[in-house]
Amino acid sequence: MHKLFILTGPTASGKSEVSKIVAERLGCTIINCDSKQIYQHVPTITDQAEYLRTNPQFGLYGYVHPSNSYSVGLWLEDAKREILLAWEKKSPAIVVGGSGLYISSLIYGLSEIPPADAHIRQKARALLSEVGNDTFFELLLRRDANVCKIDRRNSNQLLRAFEVFESTGVSIFSWRERCPKKRPFENCEVCVLFPPKEELHPKINSRLVDMINSSAVAEVEYLMSLNLPADAPIMKAIGVREVIEYLRGNISLPEAVEAAQRNTRQYAKRQYTWLRRQLPQDAQFLPTREEMVQHLVSRLTETEK
């Protein structure tokens, strides 16, 4: 039986660099599991190095237009296809990224809830944009008391709950009970690159400086030209909100960098918590890139024997 390897970890921990080294040594296939690195035309703000977009060993990087509607369900179907293609070619597959919802769907599966029509999705986005998260949450709570389980700051979960109720008249939580999850792959090994926070923070800070000194501002200008809704997934990429504030003249560029660094450190903190609590008990946590490379090369070599 094939074994699927999943490499995850907080932002800026070095997952892409590890995957590049392992791919070069073993010729394996790398499949993206970062919900922002799927997007085209914005490589700087999504931290897509050129090899991620051009090397045929790397899949699901930079292939979705920023204005296109895309979901975890669509990603999971794309990922399953890429994984099976790799195995058909006798290539080990490693899924790499830090997006919790994508990782969870791959490990535990998704409930088969009916998709919402496009006009209902539009209606939900327009309402959220008009009233904001708090009011949207309260409106939804009146329809479905179980919505109290959702973090009102999580726009994606609020929108999905609204869409499901509006489309079917049934709570998304009831659908999940009716349609239990089915694991896409039974044989998964999860590896977590988990550096100490005090080592990660300087890397986050320097990454944001490098982004701004590169083409991040131009990429955000491009996104603004598309007139995307504020809650579009790509508009939540690291640094986008802060650069928009700079471009609108509300803050200086150094203030935008400082705010992006602070917000990214807070995001990494949430990732640390999620990774500790939501992954299988046998997930392998390692603190350094070197240890992770050695571990993956060893495990992949053993598995392929």
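Heads up, the Cβ atoms here are built off N, Cα and C, so glycines get one too.
Taken verbatim from Swiss-Prot:
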- Gly9, Pro10, Thr11, Ala12, Ser13, Gly14, Lys15, Ser16: ATP binding site (BINDING)
- Thr11, Ala12, Ser13, Gly14, Lys15, Ser16: substrate binding site (BINDING)
- 34-37: region 'Interaction with substrate tRNA' (REGION)
- Ser99: site 'Interaction with substrate tRNA' (SITE)
- Arg121: site 'Interaction with substrate tRNA' (SITE)
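Ranking the recorded positions Lys15, Arg121 by how many other Cβ atoms lie within 10 angstroms of each Cβ puts Arg121 at the bottom.
The residues near the ATP site, meaning same-chain residues not in Gly9, Pro10, Thr11, Ala12, Ser13, Gly14, Lys15, Ser16 whose C-beta sits within 8 angstroms of the mean position of the site's C-beta atoms, are Gly98, Leu193, Leu200, in sequence order. Note on Ser99 (site 'Interaction with substrate tRNA'): other Cβ atoms within 10 Å of its Cβ, all shown chains, come to 21. Using a 10 Å Cβ-Cβ cutoff, Gly9 (ATP binding site) registers 26 neighbours. The number of other CB atoms found within 10 A of the CB of Ala12 (ATP binding site), across every protein chain shown, is 23.
Spatially, by CA atoms, the binding-site residues Gly9, Ser13, Gly14, Lys15 include one closest to Ser99 (site 'Interaction with substrate tRNA'), and that is Gly9.
The substrate site is set by Thr11, Ala12, Ser13, Gly14, Lys15, Ser16; from the centre of their CB atoms, other residues of the chain with a CB within 8 Å are Gly9, Pro10, Glu17, Gly98, Leu193, Lys203.
For the pair formed by Gly14 (ATP binding site) and Arg121 (site 'Interaction with substrate tRNA'), distance between Cα atoms is given as 35 Å, rounded to the nearest Å. In the three-state DSSP reading, Ser16 (ATP binding site) counts as helix. Note: the region 'Interaction with substrate tRNA' (34-37) comprises 0 helix, 0 strand, 4 coil (DSSP; helix = H, G, I, strand = E, B). According to DSSP, Arg121 (site 'Interaction with substrate tRNA') is assigned to a helical segment.
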